[in-house]
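Noted in Swiss-Prot for the protein shown:
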| type | residues | note |
| --- | --- | --- |
| ACT_SITE | Arg419 | active site, proton donor |
| BINDING | His31, Cys58, Cys61, His62, Arg218 | heme c 2 binding site |
| BINDING | Cys37, Cys40, His41, Gly93, His94 | heme c 1 binding site |
| BINDING | His78, Cys87, Cys90, His91 | heme c 3 binding site |
| BINDING | His81, Cys101, Cys104, His105 | heme c 4 binding site |
| BINDING | Gly187, Ser394, Glu395, His521, Arg561, Gly564 | fumarate binding site |
| BINDING | Gly187, His382, Ser394, Glu395, His521, Arg561, Gly564 | succinate binding site |
| REGION | 135-588 | region 'Flavoprotein-like' |
Amino acid sequence: MKLKYLVSAMALVVLSSGTAMAKTPDMGSFHADMGSCQSCHAKPIKVTDSETHENAQCKSCHGEYAELANDKLQFDPHNSHLGDINCTSCHKGHEEPKFYCNECHSFDIKPMPFSDAKKKKSWDDGWDQDKIQKAIAAGPSETTQVLVVGAGSAGFNASLAAKKAGANVILVDKAPFSGGNSMISAGGMNAVGTKQQTAHGVEDKVEWFIEDAMKGGRQQNDIKLVTILAEQSADGVQWLESLGANLDDLKRSGGARVDRTHRPHGGKSSGPEIIDTLRKAAKEQGIDTRLNSRVVKLVVNDDHSVVGAVVHGKHTGYYMIGAKSVVLATGGYGMNKEMIAYYRPTMKDMTSSNNITATGDGVLMAKEIGASMTDIDWVQAHPTVGKDSRILISETVRGVGAVMVNKDGNRFISELTTRDKASDAILKQPGQFAWIIFDNQLYKKAKMVRGYDHLEMLYKGDTVEQLAKSTGMKVADLAKTVSDYNGYVASGKDTAFGRADMPLNMTQSPYYAVKVAPGIHHTMGGVAINTTASVLDLQSKPIDGLFAAGEVTGGVHGYNRLGGNAIADTVVFGRIAGDNAAKHALDK
């Protein structure tokens with residue numbers, strides 16, 4: 001029988017009474033007092049970097065997250081969009097716990113149990129160059145055919161593709177949980193020529209996908225990469241579905257001429273659905289996935305071929321993994337303030353919607369060995385990040401019918417324009433913010449909107465007039481905006497701003513609004529790759545043994561990325577990178 005009474009007590013402590021139950025200085029001591037060190041650790045005690053055994057012990061006593069979920073709590077860490085992550089992501093054995101939710105949110109809650117425990121310096125705070133060089137001099141402590149760095153969508157897809165091609169794979173990530181930026185993606189995956197489009201009667205063409213992406217990127221994209229993205233996008237959706245993902249729903253993202261963004265039915269966010277699917281597939285296929293394992297240096301031989309990497313493990317320290325192929329899938333640098341200030345100084349004070357792991361590690365390591373960069377100084381702002389927060393208000397909300405207005409309640413641009421144009425337009429409005437407004441129809445249709453309500457981000461009014469008063473908008477202006485927009489929906493033509501897709505009117509009470517402003521969302525550039533996802537050197541020649549996919553790369557999206565193309569990028573080029581990395585390794 002699981003310790004459900006203890007679980008309930010601890011859940012209440014987390015969100016109410018602080019450290020009331022903690023009579024010992026830390027969680028490890030608490031469990032030792034109840035039994036022994038072996039209550040958590042294997043005998044003899046040897047903790048892996050992923051803390052796999054310890055997490056299994058947690059669940060053997062306390063139950064899986066589904067059992068721990070408590071719908072009586074306003075915010076339930078055990079039932080969140082992060083999915084089934086490691087217990088030790090937040091609960092620490094012999095040190096102060098860490099409430100990871102507040103890395104993005106600002107929940108006003110009491111301390112977690114054992115929060116009076118000693119706070120230790122982060123295990124990966126800084127890189128010890130002497131130890132890195134010693135690890136290289138000692139040579140590989142183990143070898144694999146393919147080493148994948150970064151366990152987001154690109155990394156998981158690369159690992160699964162390499163495994164399918166017959167290679168042995170090790171997948172590492174510096175975070176205590178997998179997912180990366182993909183885990184917090186809300187929109188979906190763009191694809192052309194899918195069964196979903198056929199079922200919904202949507203006519204689309206590969207040429208249209210390419211044209212839309214190139215136009216959105218201001219013609220600065222590498223058209224060869226965009227063509228591959230378009231041509232292989234439908235197969236990417238089918239691949240995810242074969243692994244168990246649900247992508248039945250369709251909507252239109254900004255810059256697309258038709259509905260081509262595939263997402264889960266019921267209004268769920270796409271990121272958790274895709275990452276949970278990939279996590280399960282990697283586990284089922286026996287891929288060696290290591291968390292708390294930060295790659296700190298790529299290792300090259302005298303011929304300048306990549307032959308492995310130095311890893312800094314939370315418990316194992318610095319060691320080298322020898323690999324015939326390495327895939328970089330480390331994401332962008334949207335959370336690296338120094339890199340943002342250097343490459344895009346005008347955005348250095350902006351908030352970011354990114355996962356805290358998006359610190360540009362892969363870019364820096366690739367530059368160190370002579371990799372070429374492309375579009376590295378282009379950074380995309382998402383127009384609708386919750387004002388004074390890091391919570392992304394998904395483009396899906398506008399895509400399924402919401403309207404954007406300024407502080408007075410007046411529209412100022414088509415809601416489905418590209419992100420760069422929408423961001424620029426918002427920054428030209430009084431106060432440099434906007435309101436996203438919608439009615440109860442959209443509230444019921446888009447599940448993520450109910451999440452914003454749960455986070456107390458929504459303003460509400462039983463009438464349009466009440467909504468205007470609660471937000472400070474001008475009553476007459478907002479009333480006219482809603483009336484005019486409903487007329488456009490009825491006629492099928494937006495004569496004010498030319499919005500092509502208007503799936504919902506605003507006629508059903510109550511009415512809602514959420515305050516938004518632009519925030520750093522996607523770093524457009526990174527390492528240069530070719531059509532096989534090989535990383536290029538300064539002479540535009542492939543670096544032997546090094547591949548890359550996802551936001552760590554540049555060239556796919558040009559100056560500005562369209563919503564839905566990032567997940568497509570991670571799936572399509574993640575698979576290409578993994579497949580070619582495996583072929584390279586197996587041929588050596």
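The backbone N, Cα and C atoms fix where each Cβ goes, glycine too.
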- [ ] Counting other Cβ atoms within 10 Å, pick out the least crowded of the binding-site residues Gly93, Gly187, Gly564.
- [x] Gly93
- [ ] Between Ser394 (fumarate binding site) and His62 (heme c 2 binding site), find the distance joining the two CA atoms and give it rounded to the nearest Å.
- [x] 34
Task: Candidate binding-site residues His94, Cys101, Arg561, pick with smallest Cα gap to the residue listed as 'active site, proton donor' - done: Arg561
Task: For the region 'Flavoprotein-like' (135-588), mean pLDDT (0 to 100) - done: 97
- [ ] Compute the C-alpha separation of His105 (heme c 4 binding site) from Cys90 (heme c 3 binding site), stating it in Å without decimals.
- [x] 15
- [ ] Could you tell me which of these recorded positions, His62, Arg419, has the greatest number of Cβ atoms within 10 Å of its own Cβ?
- [x] Arg419
Open item on the list: Please list, in sequence order, the residues in the chain of Cys104 (heme c 4 binding site) that are at least six apart in sequence and whose C-beta is under 8 Å away from its C-beta.
Closed with: Ile184, Ile356, Arg390, Ile391
Open item on the list: For Cys37 (heme c 1 binding site), which of the listed binding-site residues (His31, Glu395, Gly564) have their CA atom within 10 A of its CA?
Closed with: His31
- [ ] Measure from the CA atom of Cys101 (heme c 4 binding site) to the CA atom of His521 (fumarate binding site) and give the result in Å, rounded to a whole number.
- [x] 19
TODO: Taking the Cβ of Cys87 (heme c 3 binding site) as the centre, count every other Cβ atom within 10 Å, in any protein chain shown.
DONE: 19
TODO: Determine the Cβ neighbour count for His31 (heme c 2 binding site): the number of other Cβ atoms within 10 Å of its Cβ.
DONE: 20
Open item on the list: Using a 10 Å radius around its CB, how many other CB atoms surround His521 (fumarate binding site)?
Closed with: 25
